[in-house]
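Structure first, then comments.
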Amino acid sequence: MAKAKPSSSAAAAKPAAAAAPATVHSALVTYSSMLALLSLCPPFVILLWYTMVHADGSVVKTYEHLREHGLVEGLKAIWPMPTVVAWKIIFGFGLFEAVLQLLLPGKRFEGPISPTGNVPVYKANGLQAYAVTLITYLGLWWFGIFNPAIVYDHLGEIFSALVFGSFVFCIFLYIKGHVAPSSSDSGSSGNLIIDFYWGMELYPRIGKYFDIKVFTNCRFGMMSWAVLAVTYCIKQYEMNGRVADSMLVNTALMLIYITKFFWWESGYWCTMDIAHDRAGFYICWGCLVWVPSIYTSPGMYLVNHPVNLGPQLALSILLAGILCIYINYDCDRQRQEFRRTNGKCSVWGKAPSKIVASYQTTKGETKTSLLLTSGWWGLSRHFHYVPEILSAFFWTVPALFSHFLPYFYVIFLTILLFDRAKRDDDRCSSKYGKFWKMYCNKVPYRVIPGIY
């Protein structure tokens, strides 16, 4: 397997050893973000589940409940307490994925050189783990050993347990970063809140081989997305004796997207999430709680609200979604091929256009990188976010437009990716200086060609 290089922009060639910033945003933004996550996101997860499952997807019904009972008492009435069943499901799933991560065979993959000169080594077995997980889950259901409908029936309790359990897990990461860091890519900013929120370690591990961020981001977060998508499909089948075409389109597109992710998982290890963002509350709580609850919400809604699209509309949505997922994949493939060949490849049938950029490492060494300015990466600096957002829209639109809430994920994803695009541009500007200005002059649009 070819080694991919760091960056979520079109940068290529030799990896950087620049020091990771102590913070991603200013202290004020960090404090505000953390306060919002701590105070608003946990109740939002529960309110979204309640609205989708018990209020027919109607924000108005949930609002009326809270107005009638008062915000605090109304929320207390809604909020399910974690149960033994919920904890068993979480720990059983987490242990299963951890065992697969450690024991399944996979090719050796070297991640980008870290700011302190370390090269993280991974075992690329995500696709195998994904296949084993889905086959096992469906097999348990098919042979009557475990009914996935139980997961749906205890979904609120599971989300509640994840809210509290993931917060405790992030405290563990904070303490570990202080007393037992896994590598020299760790350290304190001198501010407890910032350290807890953004994280202490870049590559935290348990032992030599168990990478914590791979587990939280990929094997728990992304894998739970796939498992819950299948769960919702099975629950609807058991309730109605059939699966609506809207649910089939939603589930199919989600699984295709997640399959693409695990096919490309080693490339993900070279992106901002893994190679630049430290393992703290922001990343880890989000992957452990936000991904399984918010990312799966369109399917959660469709369980009790089947929509009959008809063959023509269902097929049209499915094909449009597949096309967007393919374009998103092809953007990453094009960039990886450009990196792998050091720019000596064909992009859309032509030699690639590029900028040779030099930069200095923290050790004072001068390095060079190639910035791709043609193909998808000539349309905008983060064009791959466009088909990703559209993919989310197409697996949500089978719910049609009776309610607004199923589209929350699409809105959230758009904000997240636009913020990520800005953060990556800021990082590249700091790294490449005048060469990044040259790149921006040649590729002037950040995300949407001709608009932004």
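Each Cβ is built from the backbone N, Cα and C atoms, and glycine gets one as well.
Record features (TrEMBL):
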TRANSMEM  28-51  transmembrane segment
TRANSMEM  85-104  transmembrane segment
TRANSMEM  127-146  transmembrane segment
TRANSMEM  158-175  transmembrane segment
TRANSMEM  246-264  transmembrane segment
TRANSMEM  279-297  transmembrane segment
TRANSMEM  309-329  transmembrane segment
TRANSMEM  392-418  transmembrane segment
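Of the ranges 127-146, 246-264, 392-418, the one with the most Cβ pairs under 8 Å to the transmembrane segment (28-51) is 392-418. If you look at the transmembrane segment (279-297) against the transmembrane segment (127-146), you find fewer than three C-beta pairs under 8 angstroms, all six or more positions apart, and that falls short of contact.
Remote same-chain residues near the transmembrane segment (158-175) are listed as 42, 45-46, 49, 79-83, 86-87, 89-90, 151, 195-196, 199-201, 204, 212, 279-281, 284-285, 288-289, 292-293 (criterion: CB distance under 8 Å, separation of at least six residues from the stretch ends). Looking at which of 85-104, 127-146, 246-264, 309-329 has the most CB pairs under 8 Å to the transmembrane segment (392-418), the answer is the stretch 246-264.
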